[in-house]
Amino acid sequence: MDMKVLVVGGGGREHAITRALSCNSDTKIFSVMARKNPGIARLSERVLLEKETNIEKVIPFATNCGVDAAVIGPEAPLEAGIVDRLEAAGIPSLGPTRAAARIETDKAFCRRLMERHGIAGCPEYRVCRDPEEARRFIESYDGDLAVKPIGLTGGKGVRIMGEHVDVAGAVEYAREIGGSVVLEERLVGEEFTLQAFVDGEHLIPMPLVQDHKRAYEGDVGPNTGGMGSYSLADHMLPFVSRRDYEKALRIMTDTVAAMRAEGTPYRGILYGQFMNTREGPKVIEFNARFGDPEAMNVLSLLESDFAGIVGHIIEGDLAPSHVRFAKKATVCKYLVPEGYPDAPRANEPLTLGDYGDALLYYASVEERDGTLHTLTSRTLAFVGRGETLEEAEAIAEKAASSVSGSVFHRRDIGTPEILEKRCQHMREIL
């Protein structure tokens with residue numbers, strides 16, 4: 001059956017979403033993005049170049065195109081209420097309403113929801129609304145804290161005591177952002193990502209993924225939106241036991257049930273970022289959409305019709321039989337401008353070489369007269385797929401190394417050495 005789908009967003013995540021939808025030749029794609037993503041544009045029937053939060057322009061475009069459904073990529077339009085407005089116009093969405101999106105956009109709401117419903121995995125926390133309250137708690141707390149702005153930060157706004165700042169630095173950072181912060185116990189362990197399709201009641205998990213936030217090899221340098229990620233052929237990670245996986249899945253299932261019980265049912269993609277600690281998985285945060293880069297890992301493995309999954313989520317009858325992933329490993333490597341993230345060099349030309357069997361996803365890149373140029377954020381990503389992690393990494397690394405220009409990437413993502421480092425760290429904690 002023909003289906004017209006609106007895709008909102010223009011990054012690498014949205015290119016992955018668009019490609020997955022386009023695997024069904026009966027699906028017609030219409031796109032809204034602030035800047036033209038050449039990969040998305042080539043797969044779209046029509047493109048509206050407009051800021052994704054400019055809902056007054058998005059709604060008429062969607063209705064004029066006659067779309068049957070929308071898929072929302074980034075978090076900002078969710079916070080702006082794009083799903084509510086689309087549904088008022090008769091267009092259902094893969095994405096939560098503004099109220100349900102608070103699971104990501106309001107960290108205080110998220111923690112209080114978990115506390116009210118007795119959901120496991122919630123770290124010790126304190127919500128502060130002014131700098132003086134934050135100062136008193138930071139200075140009196142026995143241990144290190146994570147200082148988190150209550151609202152959206154693009155994944156780059158958290159300061160961790162003992163890693164980024166000391167006590168005085170934490171107090172100053174809380175003051176700089178106005179004192180509206182969530183202060184949480186610093187979690188020690190290994191991070192992992194569990195994403196799931198959610199129809200308001202039913203939750204179908206995707207393969208586990210591990211992202212790499214630090215800019216440089218060896219996990220050093222400033223935090224970024226994510227330099228790359230990997231997943232294994234068994235859809236697990238070697239430092240996450242089956243028991244800990246089941247605990248994380250239960251936390252997400254309980255969170256969806258809590259949202260439904262409070263009258264704000266959650267429909268869309270639920271992204272759980274967990275720290276696997278000595279006590280088991282703890283929730284670092286929830287996101288109300290696919291991760292970037294993690295979307296590229298899981299959607300590169302999706303064997304089911306993505307448009308069909310969207311339809312089942314909208315209808316509220318999602319079942320495990322609707323979702324199937326290939327039993328393969330994936331490695332995603334982002335190329336970023338020289339100087340990223342602090343002083344990225346924009347407007348530098350790029351040349352793609354022979355990238356073999358890798359999948360290419362365009363992100364913050366501009367095509368002018370047939371030549372690609374860097375912008376100020378992550379440029380493009382390659383995903384390698386293979387029977388083993390080593391095979392997938394070799395495909396991704398060969399592709400990433402084929403690009404010439406003022407860009408760099410982390411060569412260590414997906415290598416046996418970095419995986420063993422993660423496992424050794426987990427063994428030391430336990």
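Note that Cβ sites are derived from N, Cα and C of the backbone, with glycine treated the same way.
Straight from Swiss-Prot, the features:
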- 138-193: ATP binding site (BINDING)
- Q273, E285: Mg(2+) 1 binding site (BINDING)
- Q273, E285: Mn(2+) 1 binding site (BINDING)
- E285, N287: Mg(2+) 2 binding site (BINDING)
- E285, N287: Mn(2+) 2 binding site (BINDING)
- 111-315: domain 'ATP-grasp' (DOMAIN)
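Projection of Swiss-Prot feature records onto the structure.
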{"residue": "I138", "record": "ATP binding site", "Cβ contacts under 8 Å, 6 or more apart": "L145, V147, M161, V167, A170, V171, A174, L183"}
{"residue": "L152", "record": "ATP binding site", "Cβ contacts under 8 Å, 6 or more apart": "E75, A76, E79, E104, T105"}
{"residue": "R159", "record": "ATP binding site", "Cβ contacts under 8 Å, 6 or more apart": "A146, V147, V165, G169, A170, Y173"}
{"residue": "D166", "record": "ATP binding site", "Cβ contacts under 8 Å, 6 or more apart": "none"}
{"residue": "S180", "record": "ATP binding site", "Cβ contacts under 8 Å, 6 or more apart": "C128, R129, D130, P149, I150, G151"}
{"residue": "Q273", "record": "Mg(2+) 1 binding site", "Cβ contacts under 8 Å, 6 or more apart": "E191, F192, T193, V283, I284, E285, F286, N287, G291"}
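Mean predicted confidence for the domain 'ATP-grasp' (111-315): the pLDDT average there is 96. Cβ contacts within 10 Å of E285 (Mg(2+) 1 binding site), excluding its own Cβ and spanning all protein chains shown: 19.
Listed binding-site residues: L145, L187. The one with the lowest count of other Cβ atoms within 10 Å of its Cβ is L187. Counted within 10 Å of its Cβ, the other Cβ atoms near Y173 (ATP binding site) come to 21, all protein chains included.
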